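**Q** Quick paste from Swiss-Prot:
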- ASP212, GLU213, MET214, GLY215, LEU216, GLY217, LYS218, THR219: ATP binding site (BINDING)
- 1003-1037: coiled coil (COILED)
- 39-50: compositional bias 'Low complexity' (COMPBIAS)
- LYS654: SUMO2 cross-link (CROSSLNK)
- LYS720: SUMO2 cross-link (CROSSLNK)
- LYS742: SUMO2 cross-link (CROSSLNK)
- 847-899: domain 'SANT 1' (DOMAIN)
- SER120: phosphoserine (MOD_RES)
- SER123: phosphoserine (MOD_RES)
- TYR946: phosphotyrosine (MOD_RES)
- 27-61: region 'Disordered' (REGION)
- 819-840: region 'Disordered' (REGION)
- 1025-1046: region 'Disordered' (REGION)
- 315-318: motif 'DEAH box' (MOTIF)
Amino acid sequence: MEPDTATEAATVAVSDARATVVVVEDEQPGPSTFKEEGAAAAATEGTTATEKGEKKEKITSPFQLKLAAKASKSEKEMDPEYEEKMVNMPLKADRAKRFEFLLKQTELFAHFIQPSAQKSPTSPLNMKLARPRVKKDDKQSLISVGDYRHRRTEQEEDEELLSESRKTSNVCVRFEVSPSYVKGGPLRDYQIRGLNWLISLYENGVNGILADEMGLGKTLQTIALLGYLKHYRNIPGPHMVLVPKSTLHNWMNEFKRWVPSLRVICFVGDKDVRAAFIRDEMMPGEWDVCVTSYEMVIKEKSVFKKFHWRYLVIDEAHRIKNEKSKLSEIVREFKSTNRLLLTGTPLQNNLHELWALLNFLLPDVFNSADDFDSWFDTKNCLGDQKLVERLHAVLKPFLLRRIKTDVEKSLPPKKEIKIYLGLSKMQREWYTKILMKDIDVLNSSGKMDKMRLLNILMQLRKCCNHPYLFDGAEPGPPYTTDEHIVGNSGKMVALDKLLARIKEQGSRVLIFSQMTRLLDILEDYCMWRGYEYSRLDGQTPHEEREEAIDAFNAPNSSKFIFMLSTRAGGLGINLASADVVILYDSDWNPQVDLQAMDRAHRIGQKKPVRVFRLITDNTVEERIVERAEIKLRLDSIVIQQGRLIDQQSNKLAKEEMLQMIRHGATHVFACKESELTDEDIVTILERGEKKTAEMNERMQKMGESSLRNFRMDLEQSLYKFEGEDYREKQKLGTVEWIEPPKRERKANYAVDAYFREALRVSEPKIPKAPRPPKQPNVQDFQFFPPRLFELLEKEILYYRKTIGYKVPRNPEIPNPAIAQREEQKKIDGAEPLTPQETEEKDKLLTQGFTNWTKRDFNQFIKANEKYGRDDIDNIAREVEGKSPEEVMEYSAVFWERCNELQDIEKIMAQIERGEARIQRRISIKKALDAKIARYKAPFHQLRIQYGTSKGKNYTEEEDRFLICMLHKMGFDRENVYEELRQCVRNAPQFRFDWFIKSRTAMEFQRRCNTLISLIEKENMEIEERERAEKKKRATKTPMVKFSAFS
């Protein structure tokens, strides 16, 4: 049996002078109320609380309920619903206590607590600020004990007094210093206040949202709360902590560091690992806290639904803001006594998303979304100060938010510098191409497709980051890693200079980008420069994430750079060992960038944190950053007052996107050269610091109304007068026009060339030299005897002499005058063919392959490429209309006299490429045969030596199936990968493996090529070992034994 709760609290208070046990009666608990009493007074009050609370504990303790159920067996038999009633008694008591607490906070909760059947959604604009009227029969369940402002009848007052006299006092433990069970170090003052706030919520049966700014220790405060439940309330668990996959390792480490007395398990792994873990770890129940990820909860919801969780904690609570999402529906099905949401971003959701969070926390209070939406209408709420106060009053009991500047005075400062950079020549060319492709959109004034505008924005942002993000932009193949990676991007030029300076200063860097393909480029850059780095993005497996974070945070780590994707690496990861953050590109949502900065600027940081944001000047990026700054400033004004941002203000309008795209377009069109300069990094930083200060000063001066009315196109505001936009009227007649760049022409100062261009008269070509009219047309691929070509040439020269042909000068060849004289000399000295030569010519004309046409020759060359020069049978089948004997005869002459052909180099290169492919196929087939031959049952036994090249997506079972089926079907078959794709889809073991079933034939080909390379490498290693062993055995001298005969 569990010890009595109040007794436990008093006992701990006596033994631990750190805690103060306070009897709270009709007092509003909260983080701002603290009693300064000593341990002795705490023990005395705790004892008193124990005596007062005995009756209540005897009624509400589930263990005592079980004893009562055993003692009154006959009563249980008489009433079949007796047990259910007894179990629900403490839940009803908690609900009543919760309602009482909420009504003491503000009378507005009476509107939500009254039965929904007796009320309909009513706008608050039409209601008085008072308790809603209800039927007399319902008053018993709705009267708030803490509400003394309204007149009562005598009978009601008597009933209230009787009810008060029967109530017991609440026992609430509040800490003034760090609790003794927290072992990793003392809690800070504001963390102790946060812990007390969480305890007060628990004691009053209310769930809440801990929304401290990122880096203030929400994890630690939550762990301390669970430790309080175990050590002061004797409630060790079970508790569930639901976190993003990237933070699992961090949560486990924090539990071990701060409250090692809590027994914590981490639920993660593949299907087989999970099944064993459930059987061996979870079901025995030898644990207090289960830490798991969203994905695990969705996959194993049936297991988690078997437990009644004492506390259900969800980190990064914005994941359940949509009540219709799969995760949100599943966690609502879990049975839990208390719930806690953690989020590092303020409540900037629309009203319905806010209701979804509150409905998860208190479903019995916030059970109607329509009622909530009508009670706090967004438009009226933003305009009516009274309704703003009401909303603030509703959120106050559930929400605790502190920011670093208010509570953490010892944290080093954070300074952000925006570095403005120009475009390189290649970037400017691609930027112009993108704009020119959609110039009709830029110059349109009618309807625009929003998705098309978003796509243009995305392409322009890629160009600002690095032109190599576009296929075909990088020079190659072969692809090289050298200076061009830096020189073709303005941001990379600045980053290269900045990293060199940071390295000299002994600092370490976090680089964030939204584009994982850009991280690939940065990886190549780091390898080229010799910088040691770690990488984390959305595709990084959980184990590799842990290894990368641990390696970077290790003492005296040699890792200089940690590159992360903004979305995957911006949540819940502690990288305070770095003190420089570089935002390579900016997110649409400024809160995401703040989360990224807080990976370094958090508790534990010893150095001032410098944040460098790279921005390409006179491009769409400049407008994106400006819009984010305005949004962040507006949020800071509104949200910190407990208000909500208007949903429409967060949406990016089509007109706003169009103005972003248009911004800087004229500037880009006007200039074609690179804007990059040779400035040193100090000058660049000074200029960026100055521009950042100017922007911050401008934002500080702008009030809420100015920020709301701010538009990207400043000129447009000139056309607004008395609430009417005269620019829109003007657009009906005219359209804002961006002039595309003019077509460039090279200057040409040759007068003749100028007039030829003006009159469009092309320069006359040199006429072909005449040939005898009846001379036969012979081709080099027909392989006539060489003597025939000599006789034909002699005949041609004499014909030209007889017609008086003069050789023209050809300016395209070197030394045209000399060549002209020599050719004319041959013509002038030409002689006719003698009768013997004429007879010889006719005879030689029969000795070539006269029946072979150009088409036959091309078929012969392609067949040699396809089958190799030795496979005459297949080559003969490819040449249409020729017998195998004819092809064999031609092939023999071809390979003997191929050097006589004009394009022999090109032809031989074509054939040799084909033969190389044939040899490659043969070697692959041998490698597969050797690999398969090592196993009796390769479909089950085959193992692949991955080394460090294991992919992130394919499992070993999938790879084994691909290799075995490829060998079975024949590697060199036509359309083999399409057939392999069908086999995968029909395989029963993959019927639920949607990843591999959704791969294309091309993706299977790429994967098989990777696996074949690994197999070939493995075969080579085996062959080398065998050769070494043979050589070792051969070099051993045989031992000769001599025997003596007597």
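Glycine residues also receive a Cβ, built from the backbone N, Cα and C atoms like all the rest.
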**Q** With DSSP helix as H/G/I and strand as E/B, how many residues of the motif 'DEAH box' (315-318) fall in helix, strand and coil?
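**A** When I sort the residues of the motif 'DEAH box' (315-318) into the three classes, I find 2 helix, 0 strand, 2 coil.
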**Q** Roughly how many Å separate the Cα of LYS218 (ATP binding site) from that of TYR946 (phosphotyrosine), to the nearest whole number?
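**A** Cα-Cα distance, LYS218 (ATP binding site) to TYR946 (phosphotyrosine): 41 Å.
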**Q** In terms of DSSP three-state secondary structure, what is the assignment for LYS218 (ATP binding site)?
**A** helix
**Q** Cα of GLY215 (ATP binding site) to Cα of TYR946 (phosphotyrosine): how many Å, rounded?
**A** 39
**Q** Whole-number answer please: how many Å between the C-alpha atoms of TYR946 (phosphotyrosine) and LEU216 (ATP binding site)?
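**A** A Cα-Cα distance of 42 Å.
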**Q** Counting other Cβ atoms within 10 Å, pick out the least crowded of the binding-site residues MET214, LEU216.
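**A** Counting other Cβ atoms within 10 Å of each of the binding-site residues MET214, LEU216 gives the minimum at MET214.
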**Q** Around GLY215 (ATP binding site), how many other C-beta atoms are within 10 angstroms of its C-beta?
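**A** 23, counting other Cβ atoms within 10 Å of GLY215 (ATP binding site).
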**Q** Please compare the recorded positions ASP212, GLU213, GLY217, THR219, TYR946 by how many other CB atoms fall within 10 Å of each one's CB, and tell me which has the fewest.
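**A** Checked ASP212, GLU213, GLY217, THR219, TYR946; of these recorded positions, fewest Cβ neighbours within 10 Å: TYR946.
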**Q** Run through the Cβ atoms and count how many others sit within 10 Å of the one on LYS218 (ATP binding site).
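**A** By my count, 23.
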